[in-house]
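The block underneath contains the structure these notes are about, expressed in structure tokens.
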Amino acid sequence: MSSTWIKFLFILTLVLLPYFVAESAVASPESLRKVPNCTLYKSESDCSRTLIPVCADNQMTYYNACYFCLEQLVSPIKYKYHGICTKE
């Protein structure tokens, strides 16, 4: 490969990379993850320690889908999206 071709690919990468990063950052969270399947979780022992935040309609962020589902057993909350809740 010639050095001109390598320079072209490098510059093209620098130009296009911010576009793809911005696209993924503004994608709606609902399109990235589905509503948690709460039938899988019945007790805290079912929950992993993996941080995958879930935002509920009460504006509370839950550690992951399992903790969201356990709270849903005792409170009338609904899933909003995967991620940390933000002020609206």
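Don't overthink the numbers, they just go from 1 along the chain as shown.
Every residue gets a Cβ built from N, Cα and C, even glycine.
The signal peptide annotation in Swiss-Prot covers 1-24. Taken from Swiss-Prot, the feature domain 'Kazal-like' covers 32-87, and the record attributes it to sequence analysis. The N-linked glycosylation site annotation in Swiss-Prot covers N37. Feature annotation from Swiss-Prot assigns disulfide bond to C38-C69, C47-C66, C55-C85.
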Among C55, C69 [disulfide-bonded residues], residue with fewest other Cβ within 10 Å: C55
Spatial separation of C69 (disulfide bond) from C55 (disulfide bond) - C-alpha basis, Å: 11
Helix, strand and coil counts within the domain 'Kazal-like' (32-87) (DSSP): 17 helix, 9 strand, 30 coil
Neighbour count (Cβ, 10 Å) for C85 (disulfide bond): 17
For C66 (disulfide bond): intrachain residues, at least 6 apart, with Cβ closer than 8 Å: P36, L40, Y41, E44, D46, C47, S48
Tertiary neighbours of the residue listed as 'N-linked glycosylation site' (same chain, Cβ under 8 Å, six or more apart): A65
C47 (disulfide bond) CB neighbourhood, other CB atoms within 10 A: 16
